[in-house]
Amino acid sequence: MSAPAINAILTLEAVEKTFHVAGEPVHALRGVDLEVTRGEYAAIIGPSGSGKSTLMNVLGCLERPSAGRYAIDGVDAAALDDDALADLRNRRIGFVFQDFHLLPRASALDNVMLPLLYRGGSRRAHRESAQTALADVGLADRESHLPMQLSGGQRQRVAIARALVGNPAILLADEPTGNLDAATARDIMDLFDRLNVRGHTIVLVTHDASIARRCRRTIRLADGRVVDDAPSTEAALRDAGSLQIAGRAC
Amino acid sequence: MLSFAETLRSAAASIRGHGLRSGLTALGLVVGVASVIAVVAIVQGLSHRIKEGFAGLGANSLTVKSYTRFEDKLQGRENRIGTADLDELVLRLDGVRDVSPVLPVFGPFGAEVRLAGKTAHTRVFATTPVYQYTRQNFPAQGRFITEADEKHRRRVAVVGAKLLDDLDATAAPIGKFVEIGGEWFKIVGVMEERGELFGISQDDFVLMPFATGLALLPDQVEPDIGITFNVEDVEKLDEVRDRATTLLRRKHGIKAGRENDFKVETAEQLTDSFASLFDTVTFVFAAIVGISMLVGGIGVMNMMLVSVTERTREIGIRKALGAKKRDILAQFLIEAVLLTTIGGAIGIGVGYALGYGAAQLIPSFPPAVLPWWATVAAFGFSAGVGIAFGIAPAARAAALDPMAALRNE
Ligand SMILES: Nc1ncnc2c1ncn2[C@@H]1O[C@H](COP(=O)(O)OP(=O)(O)O)[C@@H](O)[C@H]1O
Ligand SMILES: [Mg+2]
């Protein structure tokens, strides 16, 4: 394998993940090589069961690979114990889940503040950052609402704010629009577009082709392997117009 | 690492979030702690009152009493401390003052007392003028027994306030005549009130000169007196006690190796014999209720296990966002401890209210006293129950794999 690029944020080498169900091995990932560099905007696509979520969980340090090497931001994840891995998730990774995973009894602001609180310090110290993150996703006026009192799209915005609040090196999203209607999904994707334009590195999973086309790079999985990895044609075409998008975002 | 304040806040929020369930879980503990505290408060109230009662006898006082072994009593034997013993101690025992004899003139059960057609039963003692100093109890009206009274074996009486009350003679009692066990006495003094001890009035007695009391004894009866005195230097208390013991053994001709036929006790020992009884009662109750608190603890563990299962997803989310094992452990442990200490605190309050109320309701019962150690122990025990029964569920939560927890429905 070639040496990792200087500005690589994620590097996967021959990553495998095997689950055992009732004694039978299930090979979710069968040797994945992947590199994501700073500022990238990549979509992972593939049929259901092809290993997309498993890959994301490995990228997000939520699951350890069964074999292979995985480095994030220059840190070898395999060498870390559970607590160090928790710290890595807390500081370098922002994860957005398909079904939001907000704490139901905590307000929007408290949900967003949570990753910061696990770094230590009082809520007073972190309040402002959390408010800024909520404002960034357009929910400045919903700070004290409980998840239950928000729409699906708003919940996912809270989750995105929570993923961004700690200034992670990379934003990972597993089918972030999977539980949303088409219009809301477009809003959320607009948000991701703006975040990428502002410099955030984003990897997201989708099985919606139109969403994948908005990204710069498309990684296709099938049966636990990367079968195609190319710049998204439409994204490439749109490059010329990126200034306009940037203008809208800022 | 989540700060302690944040962990506490989140634990409090979770307890509030499941208000009813938390309340029911803590109820067992509240009842347990409340019963311990109520019992301890009542018993300690009694014990406190008894100690107070003996406080009149200072820490430096010693009392000599006859002592007969139970086996000997069965054979009809009765050891005595007599006037010769009193003389011996007055003459040869150094470093003491206020040596006073106490003779129960009409036996341990007292006698009938009559005044202007009214009758009462009371304890009757004969003693010397120094008795007031020995007991640190002085006349409130009139005077105490004097040397002249002793010399002339005067038929004078110094009475307790309760007795006067029973005889309806509280108005101008000095100079009135009272019939005690068939003999007539003139009241010359009324003692200061000392209140109740263990529900029994300490002011229900009549005192007469020691010589008068001796003269009233039937011809064949040898007196059996108690002798109380104060040691001048408290440091020398043991020394004086040993000396008194040696003198009396010699006087009684007790051979080496044989048991004393008397006892020399400090006021503290008198108190302690009561106190230890109450301490035993307290301890037994505390142990019984301690078991009920264990049951409360199992309730807490059960709830915490349910809570961990129920909140598996929450644990997954927290771990995904960077919570370490010790964060989750602390969260659930502090939640359990908070729950049990709140339960304990409520229990202490309820228990004290119960003990205090019960003591108030029963007439002439001393007020409840809650010693600080009982509060501290109840609080500590509650927290301990939280730790002991919260640790297993908390450890289970902390050990969860983040992704497995997130997948949990
Ligand atoms: N925790 C698990 N235990 C057992 N098998 C699993 C587990 N997670 C995923 N798999 C299996 O791994 C394969 C890939 O799953 P997944 O990564 O969820 O696919 P995708 O997200 O692309 O639909 C599937 O066959 C799935 O059944
Ligand atoms: Mg999936």
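Any Cβ shown, glycine's included, is placed from N, Cα and C.
Quick look at what TrEMBL annotates:
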type     : residues  : note
DOMAIN   : B:22-246  : domain 'MacB-like periplasmic core'
TRANSMEM : B:24-43   : transmembrane segment
TRANSMEM : B:283-308 : transmembrane segment
DOMAIN   : B:287-401 : domain 'ABC3 transporter permease C-terminal'
TRANSMEM : B:328-352 : transmembrane segment
TRANSMEM : B:372-395 : transmembrane segment
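Sequence-distant contacts of the transmembrane segment (B:283-308) (same chain, six or more residues past either end, CB-CB distance under 8 Å): 14, 18, 21-22, 25-29, 31-33, 35-36, 39-40, 43, 315, 332, 335-336, 339-340, 343, 381-382, 385-386, 388-390, 392-394, 396-397. Same-chain residues lying 6+ beyond the ends of the transmembrane segment (B:24-43) with a Cβ under 8 Å from its Cβ atoms: 278, 281-282, 285-286, 289-290, 292-293, 295-297, 299-300, 302-303, 339-340, 342-344, 346-348, 350-352, 354-356, 358-359, 368-371, 374-375, 378, 381-382, 385. Across the range of the domain 'ABC3 transporter permease C-terminal' (B:287-401), the DSSP-based residue counts are 98 helix, 0 strand, 17 coil. Packing against the transmembrane segment (B:328-352) from elsewhere in the chain are residues 2, 4, 7-8, 10-12, 14-15, 22, 25-27, 29-38, 40-41, 296-297, 300, 303-304, 307-308, 315, 318-319, 368, 370, 375, 378-379, 381-383, 385-387, 389-391, 393-395, 397-398, 400: each is 6 or more residues past its ends and has a CB under 8 Å from a CB in it.
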